[in-house]
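Peer 1: My questions will all concern the structure given below.
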Amino acid sequence: MNNQGRSILTWAALFVFVILLFNVFQSDGLLGGRNNITFSDFLTRVDEKTVNSVKIQGRVIEGTSNDGSTFNTYAPDYPDLVNRLTSNDVNIEVVPLETRMNTFLGFLISWFPMLLLIGVWVFFMRQMHGGGKAMGFGKSKARLLSDKGPKITFKDVAGIDEAKEELTEIVDFLRDPSKFQKLGGKIPKGCLLIGPPGTGKTLLAKAIAGEANVPFFSISGSDFVEMFVGVGASRVRDMFEQGKRNAPCIIFIDEIDAVGRHRGIGMGGGNDEREQTLNQMLVEMDGFEANEGVVIIAATNRPDVLDRALLRPGRFDRQIAVANPDINGREQILKVHLKKIKYNSTVLARIIARGTPGFSGAELANLVNEAALIAARLGKKEVDMHDMEEAKDKVLMGVARRSIAMSEKEKRLTAYHEGGHALVGLYCPAASPLHKATIIPRGNALGMVQRLPETDEYSQNREQMESSIAVYMAGRVAEEIIFGRNKVTSGASSDIKGATNIARAMVTKAGLSDLIGPIFHGSSSDDMYGRQPSNETSEATAELIDAEVKKIITQGYEFAKDILTKHIDQLHTLANALIEYETLSGQQIKNLLSGRALDSEEENKFPFNDSPTIKIDKEKSPEKAKKAKKESTNI
């Protein structure tokens, strides 16, 4: 229990004790003893002349019998009581109520209101001076990081080497400022970490705290603003006063966009409290008073909404981008998290990194944890590559729906659909290496073919885009070849959407259409409120764009059809294997098409290593294929 809880409990116990004490004395004063009789018995004794004397105090009557015994009774409103007593020769003594009251009780009653007010005043004064902070709204909520517990250092941070290098310089400055001051350098006043969620901004701040060996205060941007006017500005002042008293030190503000948004844009219902808080922060960071030795590090994933005055040099001298890691960064991050679990030699961080493009550090940590949970649920002693693959598919596509009731007809159709994707991907030029194919339903998909690029692709050429379109259309083509045009299903809707997006990007953004040319078509400005941008393309040009998109998709469709028609036997073999095994790795598919057995010992041990064993001759691109077909027709 904290100090505030103990203080409230003490005051409550004292109040209850006083009330009980008051009741005890009041009861004792009213009854005066335990020999009580009813008023009817008292009147009977008076009429029988057995009562010698009575002492009346208010409505309480204390009587003495002729034999010397005493008794007590309580009298109602009885006007003839005195006449009845005198007529029966009873001696009467009337005592005022005040003379019988206990001295301590009288003192307590007279002084209790004053004592209560004094006690309440003392209680709140103690709280305002830091006892429980009942009224300390203006106190900063910045928490000083404790030295107890395991420290996080830069060794625990991987995949963001550039950001680590920038922040290491700040840590070195705090440790030995003379090294930089000899050359006239000044300590940076602020550093802003910018990046999407989960990339490690807060982890970097914790690593700085573990490396710097200086006081480290942490606070959230939402901790400044409350319902009371002026509280936010007061907390900012108190936070910087704490920093000055502990300089050199670091103050970390997480999610600074909660308090640092643009001023005067009319958002937030016209609340000026947040703007007052921001103004005070601007003054404290770079005003008339210097804050030597106090370094502000802030983190946000919304730099576009921050006020410009907050971003200028002198306040945040450095803006460090913490982006999602590339393939090498993902591999390093996976190795850091794999150290925390038990795994065997089949787990290859590089393969996992290739299959998780765009993953943040937090998502990779979650993937490793999911793999450990899956292995534990299956009763394994170590995590293997199968568990990592299952965890990756679960994160990307959802939980496997093995309980779904698929008919043999649907299962066969799905096998040919996914087999078409896989086969065209093997023969298509510039297509990424095939990783695996499965017909196990996950999420909204009945199956999946996964291709993993060797490295992260930041741009694509025409050949790569055309290959991707052909692979997208291959599932629909396989359904049409095997089951006929009238039996084609809606399962290829997402494939058609993906192919259309690539084709439209080729025409309107990449300038890869000879008819349209290298001209950008689309909105040249982004709307911060999420509204649909206006169309800047004429109707005539839009018709040409649609025609070009259709032409590119048709070429990819025909190219995929040529491959599947030419290798129809391999399509049947692959589809039958998928029906039997449900999931095949890229290596297993290559072994199958080359006539090798699927259940070799090496393949079962390392099913997802992607080691090439056979060479697949790539077909010509759609443009070259169309040209060759035209020449053969002319001949």
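Going from the start of the chain as shown, residues are counted 1 onward.
Cβ atoms are placed via backbone N, Cα and C, with glycine included.
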Peer 1: Looking at the Zn(2+) binding annotation from Swiss-Prot, with HIS417, HIS421 already listed, which candidate in ASP317, ASP326, ASP495, ASP514 is the matching residue?
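Peer 2: Same Zn(2+) site in Swiss-Prot: ASP495.
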Peer 1: Looking only at THR199, THR202, the binding-site residues on record, which one has the least crowded Cβ, with the fewest other Cβ atoms within 10 Å?
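Peer 2: Output over binding-site residues THR199, THR202: least Cβ neighbours within 10 Å is THR202.
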Peer 1: Quick one: give me the count of other CB atoms within 10 A of the CB of LYS201 (ATP binding site).
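Peer 2: If we count other Cβ atoms within 10 Å of LYS201 (ATP binding site), we arrive at 26.
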Peer 1: The topological domain 'Periplasmic' (28-103): mean pLDDT?
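Peer 2: The average pLDDT of the model in the topological domain 'Periplasmic' (28-103) works out to 78.
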Peer 1: If you measure from the Cα of THR199 (ATP binding site), which of the binding-site residues HIS417, HIS421, ASP495 is the nearest?
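Peer 2: Checked the binding-site residues HIS417, HIS421, ASP495; minimum Cα distance to THR199 (ATP binding site) goes to ASP495.
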Peer 1: Looking at the recorded positions HIS417, GLU418, HIS421, ASP495, whose Cα is closest in space to that of PRO196 (ATP binding site)?
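Peer 2: In terms of Cα distance, PRO196 (ATP binding site) lies closest to ASP495.
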Peer 1: For PRO197 (ATP binding site), what is the tally of other C-beta atoms lying within 10 angstroms of its C-beta?
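Peer 2: Its Cβ has 9 other Cβ atoms within 10 Å.
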